[in-house]
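Colleague: Just dropping this structure here.
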Amino acid sequence: IYKRSMIGRNQSIISEFLLLGLPIQPEHQNLFYALFLAMYLITVLGNFLIIVLIRLDSHLHTPMYIFLSNLSFSDLCFSSVTMPKLLRNMQSQILSISYAGCLTQMYFFLFFADLESFLLVAMAYDRYVAICFPLHYTTIMSPKLCLFLVLLSWVLTMFHAMLHTLLMARLCFCAENVIPHFFCDMSALLKLSCSDTHVNELVIFITAGLILLIPFVLILLSYGRIVSSILKVPSARGIHKAFSTCGSHLSVVSLFYGTVIGLYLCPSANNSTVKDTVMALMYTVVTPMLNPFIYSLRNRDMKGAIGRIFKRKIILA
C-alpha cells in the first residue's frame with residue numbers, strides 16, 4: 001500500500017498515502033462514478049462558457065464581470081484539483097497518492113479555495129459601490145482598482161497556500177498513511193503526522209480569521225449597507241432591481257461560506273467522517289457546478305451576451 005524509506009531503527013517515512021475516498025457501497029460505485037463525472041463535466045463546460053462569453057462580449061467588460069471571469073476560472077481549477085483523482089480512484093481502485101502529489105494537491109486546493117473567498121469580497125464591494133454610490137461607480141471602480149483587487153487576491157492566496165504547504169512539508173509521517181477522505185485535506189494530514197503540529201495548528205487558527213472570517217464579515221457588511229441604502233428610498237421597482245442584481249452573488253456566498261463554516265468552524269460532536277465528506281463535496285463539487293447556472297440563468301446580462309454571440313455567428317454564417 002505504501003513505500004517506506006527507513007530512518008533510524010524504529011521509524012520510517014511514508015512516501016505514499018492511501019485515499020479512502022467516498023463511503024459508497026461497491027454495488028453503487030458505477031452509479032456514483034457516472035454522477036460525479038457528469039457533475040465535473042458540467043462544472044468545466046459551464047465555467048469555461050462564462051469565461052468565453054465575458055471574453056467575447058464587450059458589454060461584459062465591466063468590473064463585476066472581470067471578477068466573475070476570475071471566479072469562474074477559480075471554480076474550474078478548484079474542482080479540477082480533486083475531481084479527476086476521485087474519478088480515477090473510483091474507476092481503477094488505485095487509491096494511492098504520492099507524498100509530493102498529496103502536498104501539491106493540498107497547495108492548489110488551498111490556493112483556489114482562498115482565491116474564491118477573496119473574489120467574493122471584491123464582488124460584494126463592487127455591488128456595494130454600484131448600489132450605494134451609482135453616480136460615482138465608474139470613478140471608484142476604475143480599471144486600475146479592479147486590476148489591483150484581482151492581483152491582490154492572487155498574490156495573497158499564493159502566499160497563504162505556500163505557507164501551509166511548507167509547514168506541512170516539515171512534518172514527519174511515520175506509521176499511519178490512510179486518509180479517510182477523497183483528497184489530501186490539511187486537517188486529515190495533521191492527524192496522521194507523528195511530529196509536533198502545534199505550530200501548524202496555531203497558523204491555521206490565525207489565518208482562518210484572515211482568509212475566511214474577515215472576508216465573510218466584509219461581505220455581510222457590504223450587503224448590510226446595501227439593504228440600508230435601499231430601505232432609505234422605498235421603491236418596489238428599485239428594491240426588485242437591487243436584489244435581482246445581488247441575488248446571484250448572495251446565492252454563491254451562501255453556498256460557499258455556508259458549507260465551509262459548517263465543516264471547519266462548526267464541527268460535529270461525534271467527528272463524523274461521513275458528515276465531513278458530504279460537506280466537503282458540497283463546496284468542492286456542488287458549488288463550482290452551480291455557479292454557472294446561477295450566473296447564466298438568473299442574470300440578464302449573461303443571457304443577453306449568449307443571444308448576441310449566437311446572432312453574430314448566424315450573421316457571419
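Glycine is treated like the rest: Cβ placed from N, Cα and C.
Curation does not apply to TrEMBL; its annotations are automatic.
It should be emphasised that the depicted structure is a prediction, and the values quoted were computed from it without experimental measurement.
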Colleague: So which range, 67-87, 172-192, 277-297, gets flagged transmembrane segment in TrEMBL?
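Modeller: Here TrEMBL associates transmembrane segment with the stretch 277-297.
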Colleague: Considering only Cβ pairs under 8 Å, which range in 145-163, 202-221, 277-297 makes the most contacts with the transmembrane segment (31-56)?
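Modeller: Comparing 145-163, 202-221, 277-297: 277-297 has the most Cβ pairs near the transmembrane segment (31-56).
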Colleague: Verify whether three or more Cβ pairs under 8 angstroms connect the transmembrane segment (145-163) with the transmembrane segment (202-221), leaving out any pair fewer than 6 apart in sequence.
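Modeller: Yes, the transmembrane segment (202-221) and the transmembrane segment (145-163) are in contact.
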